[in-house]
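TrEMBL annotations:
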DOMAIN    C:64-277  domain 'ABC transmembrane type-1'
TRANSMEM  C:12-34  transmembrane segment
TRANSMEM  C:67-89  transmembrane segment
TRANSMEM  C:101-121  transmembrane segment
TRANSMEM  C:150-175  transmembrane segment
TRANSMEM  C:196-221  transmembrane segment
TRANSMEM  C:259-280  transmembrane segment
Amino acid sequence: MPRGVMSGDGGLPMRDRSFAPSRALIYLIVTLFAAAYLAPLVVVVLNSLRADEEIAQSSMIGWPQHMAWGNYALAWSGFCVAETCSGIRPYMLNSALITIPATIFSTLLGAVAGYAVSLWRFRGDNWIYGIVTLGLFLPQQMRLLPWTIVLRDIGLINTLTGLVLIHTIQGLSFTVLFCRNYYIAIPHELIRAARIDGAGFFRIFWRIILPLSSPILIVTVIWQFTHIWNEFLYGVTFTTGQQQPVTAALIALSAAVADIPHYGVQSAAVIIAALPTLLIYLFGGRYFVRGLTAGAVK
Amino acid sequence: QGAVKPRLTAISQWSAGSDGAAITALGKKFEEKGGIWQHSPVPGFTTEMMNKLRAQIIAGDPPACSQLKGPEIAAWSKIAPTVDLDAVVAAAGYEKVVAPDLAKLHKPAGKWIALPLQIYSTNMLFLSKRGMDKAKADKPPVTWADFNELAEKMKSAGMAYPIANGGTRPDDGQKFEASFAGISPTAYRAALMNLDKKALEGPEIKAAFAQTRKIADWCDPNVGAQPYATNLKRFVDGDMGMLIMGGWAQGVLKNAGFKFDDYVIVPGPSDNRKPVFLLNADAFIFWQRKEADLQAGQMLMAQLVMDPAIQTMYSQITGSIPVRTDVDLSGEGWSDGQRRTAAALKDAVASNQAVLSLAHNMAQENGLTAAMIDVITEYVKNNKIKPEEAVSRLADAVESAR
Amino acid sequence: MVRRLPEFLMIWVPLLLSAAHLISFSIWTIWISFTPSTLIPVAGWVGLRNYTAVLASRNWQIAFDNLLLFGTAFVLFSLITGLLLAILLDQRIRGENVLRTIFLYPLAVSFVVTGTVWSWLLNPGIGIEKLVHDLGWMTFKFDWLVDRDMAIWTIVIAAIWQSSGFAMALFLAGLRSVDTDIIRAAQIDGAGPIRTYWRVVLPTLWPITVTVVVVQLQFAISAFDLVRALTNGGPGIATQLPALVVYDLMFQRSQLGRGAAAAVLMLLILLAVLLPYAAWRYVRGRRAAHA
Amino acid sequence: MAALSIRALSKRYANLEVLKGIDLDIESGEFTVLVGPSGCGKSTLLNIVAGLDRATDGTIEIGGRVVNDVPPKDRDIAMVFQSYALYPSMTVRQNITFGMECRGVAKAEQEKALANVAKLLQIEPLLARKPSQLSGGQRQRVAMGRALVRDPLLFLFDEPLSNLDAKLRVEMRMEIKRLHQRIGATIIYVTHDQIEAMTMATRIAVMHRGVVQQFADPDTVYRYPANLFVARFMGSPPMNTMSARLEADAGGPVVVIGAGRPDEVRLPLQGYEAAASYVGREVVLGIRPECIAEGDRVFSGAAGPPVIVTAPVELVEPTGAETIVLLRLGGEPAQARISPDIRPTPGATTSFALDIRRICLFDPETERLIA
Amino acid sequence: MAALSIRALSKRYANLEVLKGIDLDIESGEFTVLVGPSGCGKSTLLNIVAGLDRATDGTIEIGGRVVNDVPPKDRDIAMVFQSYALYPSMTVRQNITFGMECRGVAKAEQEKALANVAKLLQIEPLLARKPSQLSGGQRQRVAMGRALVRDPLLFLFDEPLSNLDAKLRVEMRMEIKRLHQRIGATIIYVTHDQIEAMTMATRIAVMHRGVVQQFADPDTVYRYPANLFVARFMGSPPMNTMSARLEADAGGPVVVIGAGRPDEVRLPLQGYEAAASYVGREVVLGIRPECIAEGDRVFSGAAGPPVIVTAPVELVEPTGAETIVLLRLGGEPAQARISPDIRPTPGATTSFALDIRRICLFDPETERLIA
Ligand SMILES: Nc1ncnc2c1ncn2[C@@H]1O[C@H](COP(=O)(O)OP(=O)(O)OP(=O)(O)O)[C@@H](O)[C@H]1O
Ligand SMILES: Nc1ncnc2c1ncn2[C@@H]1O[C@H](COP(=O)(O)OP(=O)(O)OP(=O)(O)O)[C@@H](O)[C@H]1O
Ligand SMILES: [Mg+2]
Ligand SMILES: [Mg+2]
């Protein structure tokens with residue numbers, strides 16, 4: 001079974017006292033890096049609390065003089081995209097409606113397929129698996145038009161269902177890869193024991209494999225969720241008006257070239273739109289790293 | 001009206017700012033007339049809008065009408081059937097009041113399939129009142145020499161960057177097309193609209209590149225790829241003095257809370273002292289639909305778009321001028337700038353100095369335009385490229401993109 | 001072994017759909033690259049004309065050079081950054097969980113947002129340079145974003161910021177799975193921390209390094225959203241990248257055929273990276289099987 | 001009735017022949033132990049019997065029915081794995097009842113079977129725990145329980161004790177043996193451990209390179225190893241083997257070690273009629289370490305006094321319970337197990353008693369047992 | 001001179017006391033084996049001696065120098081790990097010379113040392129290989145080589161053979177022993193394997209729960225285990241222990257098992273003066289399985305005839321080399337090791353010979369050895 005590598009102690013068993021000065025240096029470097037990594041987030045958060053004039057008068061980087069909480073209200077339900085002045089709220093809902101089902105489907109199907117490929121060898125499995133994982137590398141731009149034609153032919157153009165379908169199928173590349181790499185480490189004897197017990201393909205998956213899969217499912221869920229949530233190209237092309245995902249609304253806000261920039265509202269909208277994925281990383285990040293370890297390095 | 005309630009599906013790129021406001025107002029009018037207004041603004045860039053249009057056309061589900069302009073109307077009309085608007089245009093007597101060059105673009109095969117909505121000139125010169133005061137200047141420049149002199153004056157008056165333009169691709173294109181058309185509208189027409197090989201390598205185009213370099217040097221290099229709107233506050237405050245831009249900047253200025261008397265708008269510099277008009281017109285193309293309600297909606301939309309009252313309302317929001325040349329701009333709600341633009345158009349048409357904007361995709365199809373803008377923007381951003389080199393690169397780009 | 005119908009459907013339908021869409025989409029693109037398609041796909045045959053046009057265009061040449069520079073620099077630096085962070089975090093330091101989250105969170109943010117925010121920060125007029133000027137150091141200059149020679153480096157910076165956490169996570173996992181006895185043996189042998197890492201620990205991280213390099217390379221090759229939001233290929237066309245060129249040709253310039261040709265060229269570049277990797281994995285797998 | 005009967009079974013992986021024509025007949029109630037070095041194909045054989053792998057050739061009959069094409073669950077077998085293969089996410093109770101659940105056994109019946117087995121194995125207090133909360137021995141017991149609830153025709157054990165520590169292994173070994181005696185099940189048991197093989201089996205199958213070398217009861221395997229491989233594989237320390245010469249002497253055949261050397265050792269043989277044809281030829285002599293003891297040892301049940309030889313001592317290893325001595329017989333190295341109190345000095349020469357009744361002779365060419 | 005001397009050493013992890021005041025003095029040239037159940041702190045002790053861990057309390061002297069604050073590389077030690085801990089990316093040659101490289105030994109000298117060690121361990125042909133290309137035994141040898149090039153004051157071995165299979169383990173065991181005899185190094189050796197402990201050690205330290213239970217030569221540990229823990233831990237099968245009563249009889253003290261039962265067993269003791277004060281009290285009697293044999297066995301070196309008892313047989317386990325019998329002495333279970341030919345019937349009653357010279361008595365309260 002893949003072991004949780006990130007959990008306990010580790011590292012060089014350094015002797016604590018003799019390294020005192022170099023430990024100070026380590027903390028210094030780490031702190032500097034952390035500051036650099038946090039900087040963009042901090043800037044956006046600060047700007048989301050500053051009025052536009054304030055930003056224009058100084059720079060993008062600065063402490064808010066008056067907390068402009070209004071930016072959030074405006075971003076959430078105020079600013080206008082075309083005739084609708086509903087902020088990004090409805091678009092958040094759309095994103096959720098696309099992201100949640102697509103994440104669930106691609107994860108579940110990927111888990112079943114990864115399980116089949118890794119634990120139930122069948123003829124040609126390596127080829128199929130190889131091709132599917134190559135999908136990770138196929139550029140998005142190449143797929144836009146073919147998808148258009150496919151969606152037209154199956155009558156799903158301009159529907160959220162179509163987007164869910166696209167993300168499910170494309171997501172399989174990732175989920176199959178990671179699930180397979182994870183399941184490969186599960187002892188085959190478990191499957192054998194279950195077969196002797198009389199369990200079939202699905203019962204083994206459902207009762208034995210799935211309960212063991214939480215580390216990798218967390219990884220795929222996090223990965224799929226953030227990627228689908230952040231996706232923009234398909235979202236804009238294949239949905240219309242009030243059905244568009246939140247990334248489209250963000251672009252509308254930031255790419256409005258014919259307008260004076262509203263950095264404050266824009267920042268607030270960025271924060272709100274990124275909140276779901278940020279929270280997922282905040283709470284799931286530790287499992288993410290653990291599962292990534294189990295699923296990636298093979 | 002028939003039994004069906006007119007309905008209109010439309011896609012456009014206008015989602016925010018004064019453009020958004022104007023299209024929204026148009027929608028209100030449409031609904032007042034009993035229609036159902038289904039507008040999908042596509043956020044992002046023109047490309048995204050065209051992707052969407054393409055996707056819908058490929059899917060066999062085009063919108064009843066969509067934003068499209070210039071030669072693209074002709075190109076796109078070949079890939080899907082469009083609506084013949086001749087009857088409704090004739091009924092409105094519209095043809096007489098539209099500039100002929102413009103009309104031609106909207107009836108590529110001889111029939112009206114698209115309707116222009118508003119007109120801009122991309123080479124209007126915005127002068128900051130405070131900037132002018134600072135430079136102790138009171139006369140707007142007429143020729144490029146005047147312009148250059150004024151810019152120098154402003155610079156010595158303490159403005160580090162007298163010109164407030166931005167750094168986007170169309171912005172760079174505008175710097176160049178304004179220079180070129182101002183130097184010689186004839187050469188401009190020959191080179192950029194007709195792609196005449198000799199004109200493409202002529203002395204005028206080289207002079208235009210030289211002038212473009214001057215303008216670029218007066219712009220804030222730090223603007224990067226940001227739009228001119230980033231600079232508007234500095235422009236109004238008099239930290240920057242001039243802006244070469246289309247009339248739409250008025251809408252943006254208004255939206256940002258600035259007043260009409262903060263700045264002056266005059267036609268862009270023209271070395272023969274007669275106004276040069278770089279025509280940029282937004283338009284709607286109408287796609288064939290079988291549904292009765294959509295067809296009714298298309299007719300209603302066409303009537304609205306041609307209606308002087310609607311055009312007035314629309315232009316007053318965005319800062320453009322109406323397509324109809326018979327609209328009276330003397331009334332309330334029109335700015336001096338708009339009046340001057342309208343007058344410039346009239347003069348330019350009269351002296352055959354109204355040309356189509358390259359930067360805003362009016363002169364050539366997108367592919368060719370983009371190839372030319374590549375050369376121009378690289379030239380603007382790289383002062384090591386000499387004008388003669390730029391000329392030959394532009395000619396090469398035209399050659400390979402054709 | 002898989003005999004029953006529901007199993008068959010659950011396994012094969014998704015796998016085959018996924019494989020089929022990849023294969024058919026690729027073939028479709030290759031086909032289009034030989035047609036005179038412009039606005040929409042049309043049949044026809046123009047031979048290699050689209051390819052020669054793309055290869056001759058300045059845009060593609062710049063994009064290709066940029067890809068070499070960006071790809072190398074980005075992969076190298078994100079590798080180094082990730083490794084350095086992993087090594088530092090491996091020193092049993094306090095607050096490791098918090099730090100790990102900090103280094104990872106950029107992964108959660110969309111490239112569009114990343115590009116936009118970094119374009120603010122790096123813009124000399126409103127970002128870091130302005131801040132430093134306002135603080136009184138007027139001669140400070142940090143205008144890479146608008147400097148056509150340096151602009152590509154701003155993309156490198158933003159890309160590293162966004163994805164070095166991924167490298168860090170993998171490296172950290174690798175470091176944590178190194179047998180502590182080996183490190184102890186090195187201590188007894190008298191190796192200091194630097195020698196221990198350099199000679200003993202790091203060489204065991206090869207497989208992870210290769211994985212990281214491949215993942216980052218594919219990111220570099222297909223980098224798109226980030227560049228579009230950060231520089232959009234500018235200043236001028238100084239930061240063009242193949243993915244941008246493909247998108248531009250296909251959708252902006254209405255030259256589908258050429259866009260498809262560029263896409264196929266991109267695929268070839270990807271294959272040039274992936275095939276050696278696949279071969280390496282194969283050889284390694286064989287060797288492991290024999291050991 | 002034969003519980004299991006295997007005919008001409010072979011298994012090939014790509015170009016590797018793992019099993020080469022195995023024939024085995026196992027009677028109902030037998031405890032068959034499969035031993036052999038690592039990689040000889042024990043697990044492969046077990047997996048084929050279980051139906052987890054397909055044979056390349058040959059037939060397998062369980063309880064008189066050819067099962068080559070029968071899926072594992074319908075073969076009426078139960079299997080215990082080396083790693084136990086307990087389902088990590090299920091409680092002990094669920095682990096044990098999972099098979100019944102799959103077969104659709106009624107709830108009440110499941111409970112009854114579970115209660116029986118839990119009582120038998122004394123794991124009642126553990127039923128609600130997860131495998132991760134169990135010690136090694138407890139896990140082993142649960143794995144047994146999972147097999148036992150099934151009450152199958154055939155139990156298959158693949159090194160079930162090898163993950164336990166020495167003490168626990170001894171205990172569990174006894175327990176399994178008692179269990180076998182109590183429920184009279186038919187068992188095939190794979191192990192690396194010879195003590196396990198010797199003490200548990202009713203019959204031992206020694207495998208090597210995909211071939212069954214010998215299939216007989218433990219005493220026969222130990223006393224009359226079919227060939228040199230079996231002789232050297234069974235027993236620890238293993239049987240001493242050395243080249244020797246068979247000569248004819250007045251009283252009968254004599255085997256001579258280091259013939260012609262000053263310290264040659266001559267051992268008279270009794271009852272080795274089968275070796276008659278080898279007189280005057282080279283043979284391989286095998287003698288178990290416990291048949292070489294201190295000079296004053298009286299071998300239990302011996303008719304006459306033992307043969308006494310003096311030999312140089314090379315190394316002495318007292319293990320507490322006995323002393324292992326490395327000596328030289330006619331120049332050939334051999335190990336002896338002598339009384340724990342006796343510690344010959346390395347380098348010196350001491351006298352040893354040899355139990356010549358249990359000497360084995362092998363053909364040096366075919367390596368087969370002569371007598 | 002004491003090569004290693006440990007005083008009042010203790011180690012605490014958070015609230016877990018792993019080592020509790022260890023005192024050990026190891027002479028130069030000794031082969032000390034550390035045994036004890038898993039988790040008793042053996043590795044911890046070794047790591048502290050090596051300087052890889054810090055003691056919570058106490059002092060460590062190596063070669064007469066207090067080394068508590070000396071880093072591992074300056075302690076003049078070498079260590080062999082259970083996992084061998086070979087550097088995977090270096091060749092065998094580099095693995096062995098890495099330490100010298102770190103210490104800045106001249107190239108020529110490195111080569112000489114390497115050549116010596118490689119010859120000693122017969123790994124010359126392997127020098128260019130990577131560890132992954134070596135078999136288990138070869139890896140073990142390389143790990144030894146890495147320690148040997150150092151020629152340190154003290155070798156530390158942490159279960160160096162436990163990853164090898166049984167046969168190889170026996171061979172390597174002998175090799176290490178010979179090596180020790182040849183180079184006369186001071187060695188501390190951790191193992192789980194009692195045979196290893198008994199055969200290799202000059203002294204054994206038995207640890208339990210962070211305390212050294214007994215530190216003595218192997219014979220003493222086996223013959224006179226300091227307490228019940230040691231008695232039951234050493235030996236396989238372990239010493240039989242059972243409660244008994246010490247009584248005074250005409251000829252001296254008598255220990256009675258199952259006093260008052262019809263089948264009570266009375267064993268007269270000779271030379272157990274220390275037990276005098278326990279007469280009339282309960283004791284724990286310990287008797288090794290090899291001291292219970294078949295009825296006609298003559299124990300080597302015994303003065304008189306052995307004590308013969310008849311006892312019921314419960315289970316018989318023939319291992320080939322001997323037969324292990326589970327019997328009942330005065331109702332208490334005990335194991336006997338009898339001749340391999342003899343197979344008492346389970347359930348029947350047979351006579352056994354007892355070697356009463358080696359009986360141990362323990363205090364039931366303190367569990368310490370009385371005599
Ligand atoms: N799926 C497979 N493909 C190729 N070779 C295999 C496969 N499974 C096993 N083998 C080979 O078959 C041989 C026999 O393996 P098997 O597991 O039966 O040995 P074993 O006797 O059980 O060994 P051990 O005692 O180590 O468990 C080995 O050489 C092994 O490498
Ligand atoms: N870093 C640590 N933190 C907390 N407890 C520890 C640590 N290292 C070891 N221990 C505990 O100290 C005790 C002794 O461990 P040690 O490794 O010394 O045992 P051992 O005798 O070597 O066992 P084994 O025979 O299994 O190797 C164990 O209970 C272990 O759980
Ligand atoms: Mg096996
Ligand atoms: Mg240990």
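The chain as shown is numbered from 1 upward.
Every residue, even glycine, has its Cβ placed from backbone N, Cα and C.
Long-range contacts of the transmembrane segment (C:101-121) within its own chain (CB-CB distance under 8 A, at least 6 residues past either end) are made by residues 85, 127-128, 145, 154, 157-158, 161-166, 168-169, 224-231. Most Cβ pairs within less than 8 Å of the transmembrane segment (C:259-280), among stretches C:12-34, C:67-89, C:150-175, belong to C:12-34. Cβ atoms under 8 Å from those of the transmembrane segment (C:196-221) belong to residues 67, 70-71, 74-75, 78-79, 82-83, 87, 159, 163, 166-167, 170-171, 173-175, 178, 182-183, 186-187, 242-243, 266, 269-270, 273-274, 277, 280, 284 of the same chain, restricted to positions at least 6 beyond its ends. Panel annotation: around the transmembrane segment (C:12-34), residues 41, 45-48, 50-51, 256-257, 260-261, 263-264, 267 of the same chain, lying at least six beyond its termini, place a Cβ under 8 Å from a Cβ of the stretch. Residues 96, 99-100, 103, 152-153, 155-156, 159-160, 163-172, 174-175, 197, 202, 205, 209, 212-213, 216-217, 219-221, 223, 241-242, 269 of the same chain lie 6 or more positions beyond the ends of the transmembrane segment (C:67-89) yet place their CB under 8 Å from a CB of it.
Beyond the transmembrane segment (C:150-175), the same-chain residues lying 6 or more positions past its ends with a Cβ under 8 Å from any Cβ of the stretch are 66, 69-70, 73-74, 77-79, 81-83, 85-87, 89-90, 100, 103-107, 109, 111, 114-115, 118, 122, 143-144, 201, 204-205, 208, 211-212, 215-216, 219-220, 223, 226-227, 230-231, 234-235, 238-239.
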